[in-house]
Amino acid sequence: MTLNEVTISRAILEEQHRALIDHLEMDAAVIGGGPSGLACAALLGEKGVKCALIEKKLSIGGGMWGGGMMFPRIVVQEDARRLLDRFGIAYKAFEEGYYVAKSVEAVAKLTAAACDAGVEFFNLTTVEDVMIRGDGRIGGLVVNWTPVDMAGLHVDPLTMACTCTVDATGHDAMIARMVEKKGGALTVKGESFMWAERAESQILAHTKEVFPGLFVTGMAANAVAGECRMGPIFGGMLLSGERAAELVAERLGR
């Protein structure tokens, strides 16, 4: 067999073009590929939801890669240990109720779970606006290549339709802030101080539909609510992603 460079190019272009066309209309779009977004997308995919994960950066994983201050370890509390088991993430007990896992393995296992569940990934893709029709509900996303945004080029975007949007953009709560900025009935209070116990204990209450068609998960949920941050303990991120998936699936009737 002789390799042909044009055939390689054609394979990439045709397959990715097919994936993009297929996801111009979908059930759910998860914006942000951190731990909460990955967990949410993986669990939605397992429920048979047609789902894509859109990430503005080259790689997914959010803040999980770096663990705490570049030490590639994360902590998960007892309440979320079952999700480490569910995704096949190895861990060690540290003290009672505290479990330590490798951050790189955690990202890899969550990503693999989402891939295995049929989630389509669109990295290097920035959501610059949302689409709202006459019913006042978010029904789609306005997207462009991240390098276009970084370079400040004047290039019109394209639109992808989705029934449910999940803001998993972390501390910035970017999608929620877009809605707020454009006059939607949504107020983003912004995250509060570091207080791990409070942040972790309240995150499930903040994981909800905050605007018609828009759900928030992970640190985006706490940021919208004005809640505290938690640092490198990730149980709340996983539990919030699970809860967001349940809410979206319920809304979709799955």
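Backbone N, Cα and C atoms are what each Cβ position is placed from, and that goes for glycine too.
From a predicted model like this one, the values you see are computed outputs, not experimental measurements.
The candidate list Val6, Val127, Val248 contains one residue that Swiss-Prot assigns to the NAD(+) site with Ser36, Glu55, Lys56, Gly63, His154, Val155, Asp156, Met219, namely Val127. Asp156 (Fe cation binding site) sits 30 Å from Ser36 (NAD(+) binding site), taking the CA atoms of both as reference points. DSSP assigns Lys56 (NAD(+) binding site) to coil in the three-state reduction, placing it in neither a helix nor a strand. Secondary structure at Asp156 (Fe cation binding site), taken from DSSP and collapsed to helix, strand or coil, is coil.
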